[in-house]
Amino acid sequence: MTKYIFVTGGVVSSLGKGITAASLGRLLKNRGLNVTIQKFDPYINVDPGTMSPYQHGEVFVTDDGAETDLDLGHYERFIDINLNKYSNVTTGKIYSSVLQKERRGEYLGGTVQVIPHITNEIKERVYRSGRETNADVVITEIGGTVGDIESLPFLEAIRQIKSDIGRDNVMYIHCTLIPYLKAAGEMKTKPTQHSVKELRSLGIQPNIIVVRTELPVSQDMKDKLALFCDIDTKAVIEARDADTLYAVPLSLQEQNMDQIVCDHLKLDNPAADMTEWTALVNKVRNLSKKTKIALVGKYVELQDAYISVVEALRHAGYSFDTDVEVKWVNAEHVTAENVQELVGDTDGILVPGGFGDRGVEGKIVAIQYARENKVPFLGICLGMQLASIEFARNVLGLEGANSSEINPDTPYAIIDLLPEQKDVEDLGGTLRLGLYPCKLSEETNAYNAYNEPVVYERHRHRYEFNNQFRPDMEKEGFVFSGTSPDGRLVEIIELKDHPWFVAAQFHPELVSRPNRPQPLFHDFVRASITNKESK
């Protein structure tokens, strides 16, 4: 029978529930269990696809085209699985589904209520995740903090699941904070006690408490928490700030967290073999070289907006025993006069995805600098579109060349709306989303990176390269090295007379893994290291 683990949070948000859940998933997978994982977000948006990155961080896209929470990126990178649309559920999705059923008459004229209709829909999403993946264990993270009014239906639903399928099949893990008060020189357990008290008042008794802390938690403090929270002392797990996220699974294993889980859920699996993971963490902690990459974006104040890009750069660096330092460059501040000052000390330049016109001209200036000064360059999504526009303007001499998204009246729409998007009015969930094939041309940097004729990558875009400009740009050394299999859509571009200048319409960062870097990032970082060594 499938087992269910629920991870909740208390005291404050951003405690690392997602990392805790992902780390536990890694440990259970390494015990030979088939693990899947999902995130429940209490906000009323149907998905984060139309939310500002300042509100939510990056939007993580799954193979099947779901626009999801950035925690799913952590889940995929840690557990090394590909998740799907069932892996992220919001209050908006739940209510939308229930209201559609009500309109279809599925409730037979009854009064639709939070209990049982909303809670039953939530429970169905939990069970469906297990059915669709045939998982041994389903880990569900509940977003937000215990005590939030938005979370109440989710907490009631997961309380009911224990009654539905039995205590041996359900486990509750609660993540809290033990703050350190400098003035008093003390760590305080009272916020955790109150958080657990609140959770218990809702009918949920946590089986494990994971406490975030800056300093070590004494045995006396663990005993005190265990007494007041009614759990075993060994089930108080310390989660101190780590030097690398990838060390967290090892810390949890050292405290036998995965064994406690298996004992409670009656799972008789051998101990997790973390030899390979330990080697990875040791490598990360002992990188001997450095390279600096300029990330030129418009959301650089909130680095979570580009979290998968940064992780993909780091993964690539691990392959070369190199610590990749990211220099955050606000695209709105970049001009032709100061670009040398802002990016001249870096070994490579990356322009990530985005929407809208803010910061576009600064990104184009940075791309021109990379092209003219032979600096390794990687463009992603909008970065690929702007690389095409920069080339059209400054090599072909097409003054005013632009994207019809940014300037609908441009005389040269190098980037234009996909034909199937012409009549689309809704913004949410209507882009070209998910995994699509890309055919590569031989003897190109893209082909050399993948070493395969056809690759599959995840997309999230509405605009595409305008094919009427392909012949003129090819004549000037602009290479279309990757296209859709029918040749209609441009997927990857690069430059002939440049050491390494590649840009992709898709989002390669979404499939990178710490022990298996994404090929374009791998070769981009290698080119950046070579550039540094040649200076």
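The backbone N, Cα and C atoms fix where each Cβ goes, glycine too.
Residues Y54, G354, L382, G383, M384, Q385, E405 are recorded by Swiss-Prot as L-glutamine binders, and the candidate that the same record lists for that site, out of R285, R458, R462, R470, is R462.
When the candidates K162, K222, K224 are compared with the UTP site entry in Swiss-Prot, which names S13, K188, T189, K190, P191, T192, Q193, the shared residue is K224.
Swiss-Prot names S14, L15, G16, K17, G18, I19, R240, D241, A242 for binding ATP. Of D64, D69, D71, the residue it gives for the same site is D71. Taking Cβ-Cβ distances under 8 Å and a sequence gap of 6 or more within the same chain, the neighbours of G16 (ATP binding site) are C175, R212, A239, V248.
Counting every protein chain shown, the Cβ of I149 (CTP binding site) has 8 other Cβ atoms within 10 Å. Among the binding-site residues S13, G18, Q193, K224, D241, the ones whose Cα sits within 10 Å of the Cα of E141 (Mg(2+) binding site) are G18. Neighbour counts were taken at the CB atom with a 10 A radius for the binding-site residues S13, S14, Q193, Q385; the maximum falls on Q385. Least crowded of the binding-site residues (G18, P191, G354, G383), judged by neighbouring Cβ atoms within 10 Å of its own Cβ: P191. T189 (UTP binding site) carries neither a helix nor a strand DSSP state and counts as coil. The record assigns S13, D148, I149, E150, K188, T189, K190, P191, T192, Q193, K224 to the CTP binding site, and the maximum Cα to Cα distance across that set is 31 Å.
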